[in-house]
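Residues or ranges marked as GTP binding site in Swiss-Prot: Gly74, Ser75, Gln76, Ser77, Thr78, Gly79, Lys80, Ser81. Among the features that Swiss-Prot reports, compositional bias 'Low complexity' is placed at 12-27. For 64-297, the entry in Swiss-Prot reads domain 'GB1/RHD3-type G', with the evidence type sequence analysis. What Swiss-Prot lists as region 'Disordered' is 1-27, 816-850. Swiss-Prot lists 1-741, 787-850 with the feature topological domain 'Cytoplasmic', giving sequence analysis as the kind of evidence. Sequence annotations record features per position, and here Swiss-Prot assigns transmembrane segment to 742-762, 766-786 based on sequence analysis.
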Amino acid sequence: MSDLPPPDLGSEEISVSPTSSSSSFVPIDKNQLQDAVQVVSEAKEFNSLILDYVRKATPASEVNNNYHIVSVFGSQSTGKSTLLNRLFNTNFDVMDESNRSQTTKGIWMAYSSIITTSQGPVPSKGGENIFVMDVEGTDGRERGEDQDFERKAALFALSTSEVLIINVWEHQIGLYQGANMGLLKTVFEVNLSLFGRTKLEMNEHKVLLLFVIRDHIGTTSKESLAATVTQDLIKMWDSLSKPQELAHLQFSDFFDIQFHTLRHKILQPGEFTTDVQLLGDRFTDHKNEDFLFKKYYHHDIPIDGWTMYAENCWDQIDKNKDLDLPTQQILVAKFKCDEILTSVFEEFRSKFEERHAKYAPTDIKEEVDYEELGGSLGDLKEDTLENYDMMASRYNQSVYLQKRKTLEQKITDVYQDLVDQHGAHMVSKLSAKFASSLSSKKLPKDVSFALATEALRKDIVHQFLKNCSCITLNGSLDHAKHVTSFTRKLDSILSKQRFVELNSILAKSLKKVESAVAKAITQEISEPSESTWDRVLEKFKGAQDEYFYSKYETATGVDFGLGTSASVNERALEKFQFRAWSLLHLQMRKLISKDNLVIILKDRFEDKFRYDENGIPRLYQNSHELELNFTAAKEHALKALPILTLATLSDGTTIVPKYDVRDKRLQKKLGAAFDTTGEVDLKDEDVESDTDEEDEDENEPKCFAEAISETDKASVLSKFKKETDATFVESKRALIQHVTHIPYYIYIVILVLGWNEFMAVLRNPFFFTLLLMLGAGTYVLYHLNLLKPAMVVVQRMFDECLVIAKQKLKEFIDEQPQEHAKRLSKMAGITEDKPEEIEMSDLTPPGEGS
C-alpha cells in the first residue's frame, strides 16, 4: 500500500503508476469532472488515504450520512467506465477503441459533483452526495482463469455499496457465463453467509441490483428481458445450499432488482444520451416512482466511518476470512463512537471541574443552592449528550446507543461522587438541625410531641428529598443509601428525644407526687391516729391520679403523646408506679427517722406535759400533780410510736406496695430512668451478687411498712426516756424551789417596820407612778391568767441571779487567801529564788568571721 500515490486534488500533474491503468488520479475539467482515486490496486492493496480524498472532494462534516455509494460490475470492455463518466460526470479511464484491452485495474472511486438528467446537469453537493466505484471487469484475458480478484472485488462492491450496477449486453441475457451468472452465484452464497443471520433478527438492509442492459435494440421488450433475468436469479438462489435455519429466506429478503436499458452508443448516440439522462432522473428525482435510493440500502455509517469500514472489509476479504459485514460496521461504529465519547467526556470533565469545584462540601461555608447546583449539573449533562448525539448518531444505532449509555454512566460516576459528598453533608447538617429543633422549647405547645415531631420530621425529610432530587437530576443518580442513612439517623435522634421527653414526664410527675407525699406525711405525723396511714395512702394515690393518670391514662393503657410504642408506654407505667412507691418509702424513712422520731415523741410529750387542753402552760403546785401529768404525757407520746414506726391501716393491715421497692433487681430494672435506646430488662442472674442475703443490713426494716427497725425503735425509746426523765427532774426541782417560801408573818413584820418607807414611796410621785404601773401590770396578768407563768419566770430569773451571785462570791472567797499570802510575804521580805546568771566571754579570735 505504500507505493500508492497520495491524492492531490489541487494538482493537475499526471502521476503515473506502472501497475495502474495510467495514473492513480486523472486530470479533469474541474467545472464538471472530479478526479478518481484508486481504492484497491490490481495488486490487492487498499489505499488508506481515501478519507483525505473525501474531505477534499466535499467536507466530511457536511456529508455526514447524506451520501450514497454506487458501484458498477460487469464484464471487461462492456463500457462500464464510459457509462459512469456519462452519467455521473466522472473521469474514469476508458478503453482505447483501437486496442481492446483492460482499462480499469483494481477498484476506483470518484465523487460525482454533477449528475446527468433530463433536466440538464444536476449538482450533487447540497443534495445527494454520490460516490461512484468502478470495479475491474470480469472475464478479462489479462487475469485469465484467475478469478480470485474478480470474486473479491464483487464481494467488496456488494459489501460497501447501496446500488450495484450490473452492466450487461442485451445479447448476453440468458447466458450463464456471458451474464456473469457463475460469479453472481458465488456472490449470492457469500451474501447469504454474511447477512443470513442478521435477517433472522429482522434486519431490513438490502442491496439494489440495477441491471443496465446495453445496446438494447427493442425487439425484445425490457419487461421480457427483466423477467428472464429475474427467473434465472431466483432459480439460481433456490439452488443454493442453505443452512437449515436459513432455508426459508427468499431472494427478495436480500436484494431488490431494477432494470434500465440503454441503446447503442455508436449507432444511436442521441437515444443513448437520452437513456442516460433518464437513468440520471432515477438517481436524483425523489418523486420518480422508479427512484433508486431507498433508506434501507444505506449502511448507516457516516462517510468518515465508511472509509474505515471499507478498509476492514477488504482486509477480511483479501485474507479469505469469513466476512461478517454487520460486525465490521459495528467495529467501525465502536471505534468512532469511542473516539467521540472520549472527546466529549474530556470536555465535560474540564467544564465540570471549572464550574462545580466550588460546590465541594468540605469547602462550603455558606448555604448551598441545590436547585441551582442541580440545574447546572443537568445542563452540563444535556450539553454533553447533545454534543455526542450530534457527532455519533450517524453511526450504527445500537452501537451509538450503547456508547451513549456508557457516556451517561461515566457522567453518572462523576456526578455520583459529588452526590455522595453532598448527600453525606446534608445528612449531617439536616440531622443536626432536626436534633436542635426537637427541643421542647422550640416545639409548638398546642399539639402533642408526637404530632409536632411528625410534622417537623416530614418537613426535614421533604427538604432532604427535594435537595437530593435537585442534585440527582430527578432521581437518575443513586441516593438511596443517603436517604436510608438520613431516615435512620432521624429515627435514632427522635427515639433518643422521645426517651428524654419520657424521662422528663416521669421526673416531673414523680417530683409533684413526692412533694404531695412529703406534705401529707409531715401533716399526719404531728398528730398521728389510727387512720393516719389511711389518709397518707389516700393522698398518695390522689397525687398519682392528679399528676399522672388524669393526664396520660387512656382506655387501653397509657399514652404520653410521644409516639412511643405500647410496650415502652407499659414499661414507663411500671417505672412510674415503682418509683412512686419508692418515693413513698423514701419519705417514710426520711421523715420518720430515729432522730425525727425522738423529736416527734418529745414534742408530743412536751405538748401534753407543759400545756393543758387549752394550750395554757402548766404550773405545777405539788409533786403528785407533776407525777400524774408526767405519766399521762409519756403515755400520750408513746401511743404514736407504733403508729409511726409501722404503716398500718385502720383495718389492721399494713401497707403493701404494688412492687417490692427493696428488691435490688427491680431497683435496677425499674428504678432508673430510661436510657436513650430504651432500657433492656435485666436478667435475674445479672444482679445475683447484689441480692446476697449476707450483704443485707440487720438494722434495715424487714418490710415496706416498717419505718425503722426494731433495733432503732429500742434506741428511740431509750433516748426518749432519757430526755423525758431529764424534763421531769427539772420540773421537780423547780417545784421544790417554789414550795420552799418565806413565812407569811415576816411580811407583817416588814410592813410594821417599814411603814415610814412605804409612806415615803407613796408621797414620792416617781415612786408612786412606778408602783401604779407595777400594780396595773399585775392586774392585767391576773385577768389573762398569766400571773402564775409570770411568777414562774420571775422566780427562775431570781434563781438564776442567785446562782450567779453565789458563783461570784465563791470566786471572791477563793482569791482572798492567795492575795493575803502574797501581802504577808512582801511584808516579811521573802523573795522568790531566781537562777544565777553567768556572762560568757567571747573566745572567737579577732579577724575571723562567724
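Just so it is clear, glycine is given a Cβ too, placed from its N, Cα and C backbone atoms.
Keep in mind that what you see is a predicted model, and the values were worked out from it rather than measured.
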Output field, GTP shell: CB within 8 Å of site CB centroid, site Gly74, Ser75, Gln76, Ser77, Thr78, Gly79, Lys80, Ser81 dropped: Gly137, Asn167
Stretch-averaged pLDDT - the topological domain 'Cytoplasmic' (787-850): 66
Lowest local Cβ density (other Cβ within 10 Å) among binding-site residues: Gly74, Gly79: Gly79
Lys80 (GTP binding site) in three-state DSSP notation: helix
